[in-house]
Amino acid sequence: IYWIIIIAIIAITHEFAHGIFAAYNKVKIKKTGFGFFPFFLPIFLAAFVELDEKRMAKKSKFSQMAILSAGTFANILTAIFFLIVMWLFFSLAFTPSGVMFDNYVYSVFPIASVSIINGVTLENASYEKILNLVNETGLNKVEADNKNYLITKDFLEQQKNNEEYILLYDDAPAINAGLSGAITEINDIKINSREKLGEELLKNSPGENITITTIIDEEIKEYEIVLGKNPENESLPWLGIGFVNRETSGVINKIISFLSSFKNSHIYYKPKFGAGLFIHNLLWWIVLISFSVALINMLPVGIFDGGKFFYLTVLAITKSDKIAKKAFSFITYFFLFLLLLLMAFWVFSFW
């Protein structure tokens with residue numbers, strides 16, 4: 001049902017914006033309406049506006065470009081509108097209800113410093129030798145620089161391209177207990193922020209037993225954990241969980257990061273009512289797909305509005321229909337080539 005609603009909203013705003021700008025510029029609208037898919041669902045999934053192309057071609061280039069870009073403009077406005085709605089809805093319908101950690105605390109060592117794996121002495125340690133000694137599942141005991149650490153095979157395999165250094169989990173209470181999920185309570189005290197988490201932990205001393213409640217995939221778990229000593233200050237309690245400050249790179253990741261900036265990435269939010277998550281996800285997808293459609297639709301490719309927009313731009317600059325058509329054809333085939341190249345790289349990445 002997500003896609004029925006989303007496609008309907010995006011298609012209606014996009015196509016009707018074309019129609020409104022066409023009518024404003026006195027371009028005849030031949031047909032307008034909704035598209036149906038009776039073989040799948042008896043519900044409309046799209047909208048369409050058919051313009052009089054001959055009459056449109058007689059209009060000024062600016063008018064034609066305004067009509068062509070109207071759909072993209074509408075998609076951007078739709079995305080901004082639903083982004084504001086999503087922010088407001090989230091602040092009213094969700095409440096901070098837990099803290100999510102990224103990983104267990106780990107330390108970095110030269111591979112050569114590893115001396116024992118699961119009780120087996122290791123000489124001239126290398127990645128391959130360590131990999132051959134670790135168990136397929138569970139925690140593996142590692143000694144490095146005369147101190148005890150832990151590692152899993154999955155964590156080790158993630159480091160296969162690192163030949164000089166190795167990351168080892170500290171022998172901490174959290175990893176030994178298998179702590180996972182969002183921390184919602186400590187000794188029946190609600191946890192709704194990292195500050196509250198630290199505050200509750202500091203109420204205890206090293207060696208004391210605490211009960212931690214977590215939630216993961218809607219399943220609630222309880223852990224009985226004996227707090228350790230903080231390596232930097234042994235008078236303080238230590239759980240051994242880590243948080244990563246995520247810095248995004250790339251245009252798409254930065255856009256997604258901006259769109260979700262109203263949420264703290266380390267906070268678990270709980271909806272106040274049953275349909276809250278459904279509505280939030282619906283709004284999120286409307287925003288994301290509206291922005292995506294706006295960007296893709298203005299690509300200078302023949303099948304998109306951006307292709308004709310590019311053609312008109314070149315025509316306005318060169319005053320030559322021949323040059324404009326050649327540029328239009330070249331840029332279309334160039335983008336199709338890039339698409340095929342990306343698909344080829346994607347296929348070969350699985351080999």
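Placed from the backbone N, Cα and C atoms, the Cβ positions cover glycine too.
Unlike curated records, TrEMBL annotations are generated automatically.
What TrEMBL says about this one:
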- 3-339: domain 'Peptidase M50' (DOMAIN)
- 32-51: transmembrane segment (TRANSMEM)
- 72-92: transmembrane segment (TRANSMEM)
- 104-122: transmembrane segment (TRANSMEM)
- 273-295: transmembrane segment (TRANSMEM)
- 330-348: transmembrane segment (TRANSMEM)
Candidate ranges 72-92, 104-122, 330-348 - greatest C-beta contact count to the transmembrane segment (273-295) (under 8 angstroms): 72-92
Other parts of the chain folded back onto the transmembrane segment (104-122), taken as Cβ under 8 Å at six or more residues beyond its ends: 129-130, 133-135, 140-146, 149, 163-170, 172, 174-175, 240-242
Per-residue pLDDT averaged over the domain 'Peptidase M50' (3-339), given as an integer: 88
